[in-house]
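If you check Swiss-Prot, you get these features:
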type: BINDING; residues: HIS15, ASP162, GLY163, LYS164, ARG228, PHE229, ASP237, ARG243, LYS244, ALA260, LYS264; note: ATP binding site
type: BINDING; residues: ASP17; note: Mg(2+) binding site
type: BINDING; residues: GLU43; note: K(+) binding site
type: BINDING; residues: GLU56, GLN99, ASP237, LYS268; note: L-methionine binding site
type: REGION; residues: 99-109; note: region 'Flexible loop'
Amino acid sequence: MREHCVTSESVTEGHPDKVCDQISDGILDACVAQDPASRVAVETLVSGNIAVIAGEITTTAQIDAERTARAVIKAIGYDDPALGFDSDSCFILTNLRTQSPDINLGVSRGDELGAGDQGVFYGYACDETANLMPIPIALAHTLSLRLTMMRRDGTLPWLRPDGKVQVTMRYGRDGRPCGLDSVVVSAQHDEAVDRDTLVRGLVEGVIYPELHDWLQPGTRVLINPTGRFVVGGPAGDTGVTGRKLMVDTYGGCAQHGGGAFSGKDATKVDRTAAYMARYAAKNVVAAGLAGRCQLALAYAIGQIDPEMISVETFGTETVDGDRICAAVREVFPWTVSGMIAALELRQPRFRKTAAYGHFGREDQGFQWEKTDRSGELLALCTR
């Protein structure tokens, strides 16, 4: 293998696309909190001081989508009219209908649920980090989350909600990360802060505390490369739900089937199958059966079982690959109902996933981040 670089990005919760993801998942949570069997597919668009919420909801829950959206916007930090987008004054248009009866015909299958759509879905894990995520996206999320923490706790009071981070990692001939090539931090800021204060604050308060083990003399550090980032969030860019797929998953280090997650209830295999694929792949790596694992699933709308389960270990497997695939098929449930139950997806906690990645978040208690099936996998593969 030749030496190469891998680049991944993360964004803060105030990024316009992430504002939309959080509004969509906030509405989903509001429905699921009252009616765990809610069918939800909600999309959000923000532009200027306007938010548009549209989609399909079938539920017994009584929710106020506009009120939920305003609460999410305020919690993110858009609570000041000076930002050009704020929770109190923004205009919100809603267009929510019930789920198509044709889709419901395929999903509601008596005791079992059929898949809410067709598609291929991927899960990935590798041994580069303690949480079994690729290190470029892991570091990028760490930096973007720290940007938000420094804003929220007042350490860097001139920070504003929007921000982006990009990390480029060098990999050696052995395929292992060997150095940090560059890091880019673009942080929205108050107009009054001078550049020296901004650069010093971001280097000392954000970059160095998280990357000191990786920083080298040759590492390039770029901070607000345009020189100014005052206008940000929806005031600066239009945001749409589901437009940060690589941020949500593995930073481009694994394949992606193209389906977004946020705003979709658990019958939507775009979300549930991707979570289950991560769960299985992570347990394969945690069991020591492979250093890298990518699991692919395919479903057809209305069908209970997957059309395909495929396991790729990229030559890093420690036992025969066919045995790993057979064990994965046996240990994990692959029906739609089985995945929902195993992953505890009838609970209102989807908004937690909507910023800083859906994977690698071990502090959030997500079932798909647990490695509780690794022992069973190992036993099946080595007996």
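Every residue gets a Cβ built from N, Cα and C, even glycine.
Feature annotations (Swiss-Prot) mapped to structure.
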residue : record                    : Cβ within 10 Å
HIS15   : ATP binding site          : 27
ASP17   : Mg(2+) binding site       : 23
GLU43   : K(+) binding site         : 20
GLU56   : L-methionine binding site : 17
GLN99   : L-methionine binding site : 20
GLY163  : ATP binding site          : 28
ARG228  : ATP binding site          : 10
LYS244  : ATP binding site          : 25
LYS264  : ATP binding site          : 27
LYS268  : L-methionine binding site : 23
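Taken over all pairs of the listed L-methionine-binding residues (GLU56, GLN99, ASP237, LYS268), the Cα spread reaches a maximum of 30 Å, rounded to the nearest whole number. For the recorded site, HIS15 (ATP binding site), the DSSP three-state label reads coil.
Within 10 Å of the residue listed as 'K(+) binding site', counting C-alpha to C-alpha distances, fall the following of the binding-site residues HIS15, GLU56, GLY163, ASP237, LYS244, LYS264: GLU56, LYS264.
The record assigns HIS15, ASP162, GLY163, LYS164, ARG228, PHE229, ASP237, ARG243, LYS244, ALA260, LYS264 to the ATP site; their largest pairwise CA distance measures 36 Å.
Closest to LYS264 (ATP binding site) by Cα-Cα distance, out of the binding-site residues ASP17, GLU56, GLN99, is GLU56. Of all the binding-site residues listed here (ASP17, GLU56, GLN99, LYS268), ASP17 has the Cα closest to the Cα of ASP237 (ATP binding site). Note: the Cα of ARG228 (ATP binding site) and the Cα of GLN99 (L-methionine binding site) are spaced 44 Å from each other. The binding-site residues near LYS244 (ATP binding site), taking a 10 angstroms Cα-Cα threshold over the set ASP17, GLU56, GLN99, LYS268, are ASP17. Mapped onto three states, the DSSP output places ASP237 (ATP binding site) in coil.
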